């Protein structure tokens, strides 16, 4: 996968290119990242990249000409088929379904805004899609872009050590992940659930699915509203609710 970055601070993306899973993907040639700074397309000695908004108000906007020229340079490098994305609070909220959808693209160009944003006409003429990582304000689009790159790159074949990892992640099936345990078997009196030590793969799968359903019900119940549960999932969720109620009753009795 090829990803182009439009940013005033391209150095920030070393967090993606030099470290962790994405760093290995870049090193192994599975992910290619190039960046363009609008500052490199300015024509004044101050390398100005901001301008006042019409109508007044606080803050500045990114200057149109350097930004457009940077986008055009990225498009030229990408060739045909690159989707241009602007990271914006007004965009579609990124979720696992959206990540999976974006991962089907071989080429992406991510435009990172700064200041109060970018000219609406640039959005209309240069941007294919707007995406947001949440309903809150950040200083720029770099962190959302890195979030998008990290999540999308997990779907690139060969990036993860285990090919099933991406499909078993939290939200991969619309559910939160189940609890995980490693050594020691007993930690300050807290034991690993016996089923995970049993070697019975069918029971382990069943336990993990039940815990995943239960954790989603407890922490993000709205996610279940959009799911059509199978008979097995509905049965396991009912079991979890019963067990949870019993544990709560026992806990209340001891309090």
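Residue positions begin at 1 at the first shown residue.
Placement of Cβ uses the backbone N, Cα and C atoms for every residue, glycine included.
Swiss-Prot has this to say about the protein:
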BINDING   86, 113, 133, 134, 135, 136, 137, 138  S-adenosyl-L-methionine binding site
ACT_SITE  169  active site, proton acceptor
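Largest CA to CA distance in the S-adenosyl-L-methionine binding set (86, 113, 133, 134, 135, 136, 137, 138): 16 Å, whole number. Under a cutoff of 8 A between CB atoms, and with a sequence separation of 6+ in the same chain, the neighbours of residue 134 (S-adenosyl-L-methionine binding site) are 93. Each of the binding-site residues 133, 135, 136, 137, 138 was ranked by the number of other C-beta atoms within 10 Å, and first place falls to 133. Around residue 86 (S-adenosyl-L-methionine binding site), the same-chain residues at least 6 positions away in sequence with a Cβ under 8 Å from its Cβ are 111, 113, 118, 123, 127, 129, 130, 131, 141. Around the Cβ of residue 113 (S-adenosyl-L-methionine binding site), a 10 Å sphere holds 25 further Cβ atoms from the protein chains shown. DSSP classifies residue 137 (S-adenosyl-L-methionine binding site) as coil under the three-state reduction.
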